[in-house]
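Among the features that Swiss-Prot reports, Zn(2+) 1 binding site is placed at Cys60, Cys62, Cys75, Cys78. Annotated Mg(2+) binding site per Swiss-Prot: Asp449, Asp451, Asp453, in sequence order. Residues annotated as Zn(2+) 2 binding site in Swiss-Prot: Cys822, Cys896, Cys903, Cys906.
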Amino acid sequence: MIDVNNFHYMKIGLASPEKIRSWSYGEVKKPETINYRTLKPEKDGLFCERIFGPTKDWECSCGKYKRVRYKGMVCDRCGVEVTKSKVRRERMGHIELAAPVSHIWYFKGIPSRMGLLLDMSPRALEEVIYFASYVVVDPGPTGLEKKTLLSEAEFREYYDKYPNQFVAKMGAEGIKDLLEEIDLDEELKELRDELESATGQRLTRAIKRLEVVESFRNSGNNPSWMILDVLPIIPPEIRPMVQLDGGRFATSDLNDLYRRVINRNNRLKRLLDLGAPGIIVQNEKRMLQEAVDALIDNGRRGRPVTGPGNRPLKSLSHMLKGKQGRFRQNLLGKRVDYSGRSVIAVGPSLKMYQCGLPKEMALELFKPFVMKELVQREIATNIKNAKSKIERMDDEVWDVLEDVITEHPVLLNRAPTLHRLGIQAFEPTLVEGRAIRLHPLVTTAYNADFDGDQMAVHVPLSKEAQAEARMLMLAAQNILNPKDGKPVVTPSQDMVLGNYYLTLERKDAVNTGAIFNDTNEVLKAYANGYVHLHTRIGVHANSFNNPTFTDEQNSKILATSVGKIIFNEIIPDSFAYINEPSQANLERTTPDKYFVDPTQLGEGGLKEYFDNTELIEPFNKKFLGNIIAEVFNRFSITDTSMMLDRMKDLGFKFSSKAGITVGVSDIVVLPDKQDILDEHEKLVERVTKQYNRGLITEDERYNAVVEIWTDAKDQIQGELMQSLEKTNPIFMMSDSGARGNASNFTQLAGMRGLMAAPSGKIIELPITSSFREGLTVLEYFISTHGARKGLADTALKTADSGYLTRRLVDVAQDVIVREEDCGTDRGLLVSDIKEGTEMIEPFIERIEGRYSKETIRHPETDEVIIRPDELITPDIAKQITDAGIEQMYIRSAFTCNTRHGVCEKCYGKNLATGEKVEVGEAVGTIAAQSIGEPGTQLTMRTFHTGGVAGSDITQGLPRIQEIFEARNPKGQAVITEIEGVVDDIKLAKDRQQEIIVKGANETRSYLASGTSRLKVEIGQSVERGEVLTEGSIEPKNYLSVAGLNATESYLLKEVQKVYRMQGVEIDDKHVEVMVRQMLRKVRIIEAGDTKLLPGSLVDIHNFTDANRDAFKHRKRPATAKPVLLGITKASLETESFLSAASFQETTRVLTDAAIKGKRDDLLGLKENVIIGKLIPAGTGMRRYSDIQYDKATAPVTETSEEVETIE
C-alpha cells in the first residue's frame, strides 16, 4: 500500500492495453458470480478467488491450506494464494475483448475528443462505431478521400470495381486504424499554419483541434488508447454481492453490467470461431460496443440499460458523480468513529470553555481510554475484563471516566455548519440525563436554540489533535466573528434583560438619596431590604479605590444606583466606574456631573438632588456588547471570557429576581387610534376622487394610498411608544434588545398595517386591527399571504444560500497565506463607498486592520502618521480620518503577487483573533464562509417598487449570485466606452432615449429604454466606463471598457451594497479574496513565439512566466486580455483536476484531465482531503513538515523541580 503522506502529486492519463493487463491478476472468462448452493465464488467468474484472492483470511478456496503459516503459498489444487482477504479490495481482473470498442467518454463527450483529433463530425463517428457506415482507411486507386463514409451499397459497388485494392472498415476497428496513423507532430505543424490564415468558424475549429492535438503530444498518451482492446474489471469487494435474509442476493449494478459484457464477448468469440456470416458478427460487435458503453456511462447514449422495476443501472461514471458519488459521499465527507449526537439543553452554570456530556455517552466515547486506565490501575485484570466492567457500568468505572476526560477537549458541531464557529472545542463535564449541556453564550455562534436542536460530539484522539483543539478551537478563544471582527458572544435575551433590569433607575424607589460609606454597606442594606435595586443613592467616591477618579472626585460623593454598584463589581478594576451607557464613560472616565459635593447639598440632601435630575438610561444589549469589545481590546481573551461568564451569571440571577412576564394587560391600546384612522380614511377618499376625475393616473393613486396608510401606521407607532411606561415589561424587552422591536409592538397594540400579496405587490387595503383587538376574517385571510410567503422564502433561501457557500468555498479553497510579504509595488486606492449621498461603508472601516502602501502625513503639522507596510490599528485609523484624509493606498488581495494564495501584508489582520494573520491560515475558506453564512439573512425577493420608477432592482441573495456568477444583471445600466462630453439626448424610435457622447476622435450613440432614469445631462463630461443610466453594470463588458482595477472595485462595492443594506457587515478583505479568484485567468489573443494557444484560458501567473521566458530569449511575447469568470466556471477551470472533478461535471473534467495527462500538485485543501493527506494549511504546511531533527547536537536538559499545577 502507498503511504498517503509520502507522495507529492497525482497524475492521470489514458491506460494502454499493456498497462491494463499489468494491473490484472487474471482474465475473467465466465459471467457467473457465486454458486448459489455452496455460496463459493465460481472459478473464472466475476468473483473468482484464483484471480482476486481468498474470501477468508489465510485460507484457500478448497480448504487445503489454513492458518497464517502458509502465507504466500499458492494452493496446488484450487490455485488460490493464501493471504489476507483484504486483497479482494485491491486486485483487479480483465476481459480480453474479441473486437476493439470505443470508450464512450472520448467519443461522446462534448466536444468529442475523438472527433476533433480525426477531424470528423461526431455524427460520422457514431455511424462508423455503431456499424451503420464504412469508413475509408486506405483509399488505394479508388479516388476516394481518406475518412470518407460509405454506406453498405456504396461499399459493395466500390468493392466490385476494385476488389482487394482499398481498405474500408466498420466499427471501432476502423477508427482505431485511423487513430494509429495520426502523426501528431505533422498535425501540429499543419494546424499552426492554418491559424495564421484561417478566420471565423474555421479558426475556432482549428484552435479546438490544436488544443486536443497539443494535449496528446505533450502528455505522451497514444490516441489509439481511446479504443479499448482490454477491459479492466474492478476488485470484487468494491462491487459486492451479499446474501439477504430470504436467501436472495443483493448485488451492485456493476456486476450486471460486467455480466452483459462478458456474455456478449463470449458469444462474439464463438461466432468468430464458427466463421459466422458478416452481418451476424457485425450485430454482435455492435451489441458488445453498447454493453461496454453502458458499463462505463449508462444512459449517455440512447436509452439506459435498466434493472428490475425499470430502474436505470448505476454505471462507473455514476459512481463518481453527484452528491452520492464517490467524491462527495466518501472522499470529502466521511463518517467518523468516536462521535455521538444528542439533543442540547441549556447549561447556565457552565464556564465558557465547558460543556456537559451525558454520562453514558461519555463512557462510550472514551471507552478505549477508560479500558486502558482500568488495566493500568489494576482495577481490571485485562482488556476483556475492563470491557465487561464498562458494559455493566460498574461503580469504579465512573471515577476513572472523570479522570480520563479532564483536560481532554471534545468538539461540538451543529449542522448546518455555515462558518468556522459551527464547530468549537469544549472541556467536557459529566452530567446526568441524556442531553448535551451547552453554554448559553455560544448559542449565537452556533445559531442554536433549545427547542429540540441536536448537536454532534467528536473526540480528538491524538495528542496533536487535542493540542490544536485546545489552542485554536476552545470556545473561550473564539470570541470574535471572522466576518467582521466584532464579538460574536454577546449576552442575549434573559441575560440582557437581567442586566437591563439591574441598571434601571426609578424615581419612587425606597430610601432614595441615602448615603453610604462603601459598597459593602450598600450590599448589606440591599440584602436587608433597606434599599431596592433601583434606588438612587450616594457612596463616598474614595471607597472605590478607582484609578480613573481624580483627587477632586475622590473627595465627593458618587451619585449612582444600587444595581449599578452590583453591576460594576464584575467590571475589571482598571476601568472607570460605569454610571451611564456612553462610550466616553466606558473608554475614559466617569463624567464629573455624577460627583456631588456634600457641602453644596441643600436642605433635602441627596434626595432633593435626585428629584431635580433626570433618570439615566439603563444598559441595553448594544452597550453590553461595547463593554465586552472594550475589555477584549484592553485585556487577554481569557479575561474577556471570564468577564462574559460573570455578566451571564448576573443577567440570569437578576432576570429571575425581576420576574418579568407578559400578560394581556401589558398591551395598552391607544385611545385616539380611531381618530387617526378616520383622518387618513378621508385622505384616501380625496385621492380616489382625484383619480375618478382623471386628475391622476392609476399608478399615482395607488402609490398615494400606500403612502397614506404607511404614514398612519407610523403615526400610531410614534404615539404608542410615547404612551408606554418605562416599566412596561414589553417595552423593557424591546428597549433592552432582549426580544422584539417597535414594529412588533405596533402590531400587538396599534394596527398591523399593509400586507403584501403573493405577487409581492402591496395590497392597498390595510389591516386596521391589532392582535390585541383581534382580526376580522378578511384581515386574517389577507395576512396569511405574508405568513406563507415567509415560510416558503425561508426554505428556498436556506438551500440557495447553502449552494452559494459551496461554490464560494470551492473557488477559494486553495487561497492560503503562503508567505510574509510578496513585495508588490501596487496598492488599492480606498475611500468611502457611497451610493449617491447614502453611505454604504465608511473610509475608516475600510482601512482599519490593513497595511498601508504609502506614507501618510498630517496635512497641517506634516508629522508622519503611518509609513508603508505598517499595520493600521484602530487608533491610527482614527488619526488618519481625524486629519481630514479621505483616501489612501493600502495593501490589498487585489494587488498581491503571491502564487496560489496571498501574503500576510496584503491580507491584513486576522479578524478572528485580532492579531496579524499567520502563514498557513486558510483565508480563502474563511472568506467564503463569511460571505455565505449571512446569505440566509438576505432577502429572496426582487423588490417590486411599482409606480413611477418601474424598474425592478434585484437585491438580496439573487443579486449576490448574479455578481459572483458574473451574469448579465437585470435592469442593466448603459455605460460609455469613450471619454468625452454628452452632446445630446433625444427620443429615438420605439420610445427609446438616445444619448450621444462626443469624444476627441469619435462620436458614439447609446440607446436606453424610455423608462430608465438618466444619470447624465447634456454638456456633462464623462469618463470611459461611466454609467449613463441607472441600474447595474454588466461586469464582463465593464472589464473590457474600464479595465481590471475599476472592475475589481466595482464588484467589491456591489457586494458590500447588498449586505450593508440588509444590515450585515462583512469586511472588505473577504470580498477581495473572492473577486480575485474570479479574475485570475486571461484569454490569449496572440501567442507570439510562446507555447500558449491562442483563444485558450491561462492562469495569469503562467502567462507572465511564458512572456518572461520569451523576453529572455528575445522572442515575441504573447498578448492576452483579462477574463472575468463566474465562481462555478472558475472552480471548474482550476489547476487541480481533483478539486474540479469533485465539484461539478465530474466526467467532463476527468476526460479532459486524462487526455492532457494532467498532474495535480495537491496545493489546495480539497485535493488533500480527497487523497487523505493532512491539508496544507496551518501546521500541515510543507514548511513545517520538512523539518529535520539533528539528534546529535540537541542539548539534553534534566528537570528536577516540582512542577506546580495552576488552578
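Counting starts with 1 at the first residue shown.
Backbone N, Cα and C atoms are what each Cβ position is placed from, and that goes for glycine too.
For the Mg(2+) site, the Cβ centre of Asp449, Asp451, Asp453 serves as reference, and the other residues of the chain with Cβ at most 8 Å from it are Ile344, Ala448, Phe450, Gly452. Counting neighbouring Cβ atoms within 10 Å of each of the binding-site residues (Cys62, Cys896, Cys903, Cys906), the lowest count belongs to Cys62. Surrounding the centroid of the Cβ atoms of Cys60, Cys62, Cys75, Cys78, where the record places Zn(2+) 1, the chain contributes additional residues within 8 Å, namely Glu49, Ser61, Gly63, Lys64, Tyr65, Asp76, Arg77, Gly79, Val80. Each of Glu819, Asp821, Thr824, Arg891, Ala893, Thr895, Asn897, Thr898, Val902, Glu904, Lys905, Tyr907 belongs to the same chain as Cys822, Cys896, Cys903, Cys906, is absent from that list, and has a C-beta within 8 angstroms of the C-beta centroid marking the Zn(2+) 2 site. Sequence-distant contacts (6 or more apart, same chain, Cβ under 8 Å) of Cys822 (Zn(2+) 2 binding site) comprise Cys896, Asn897, Thr898, Val902, Cys903, Lys905, Cys906. Between Cys78 (Zn(2+) 1 binding site) and Asp451 (Mg(2+) binding site), the C-alpha separation comes to 63 Å. Closest to Asp453 (Mg(2+) binding site) in space, going by CA atoms and restricting to the binding-site residues Cys60, Cys62, Cys75, is Cys60.
Between Asp451 (Mg(2+) binding site) and Cys60 (Zn(2+) 1 binding site), the C-alpha separation comes to 57 Å. Fewest Cβ neighbours within 10 Å among the binding-site residues Asp449, Asp451, Asp453: this applies to Asp451. Cα to Cα, Cys75 (Zn(2+) 1 binding site) and Asp449 (Mg(2+) binding site) are separated by 64 Å. Non-local neighbourhood of Cys60 (Zn(2+) 1 binding site): Glu49, Pro54, Lys66, Met73, Cys75, Arg77, Cys78, Val80, Glu81, Val82, each in the same chain, at least six residues away, with C-beta under 8 Å from its C-beta. Most Cβ neighbours within 10 Å among the binding-site residues Cys75, Cys78: this distinction goes to Cys75.
Cys62 (Zn(2+) 1 binding site) sits 61 Å from Asp449 (Mg(2+) binding site), counting Cα to Cα.
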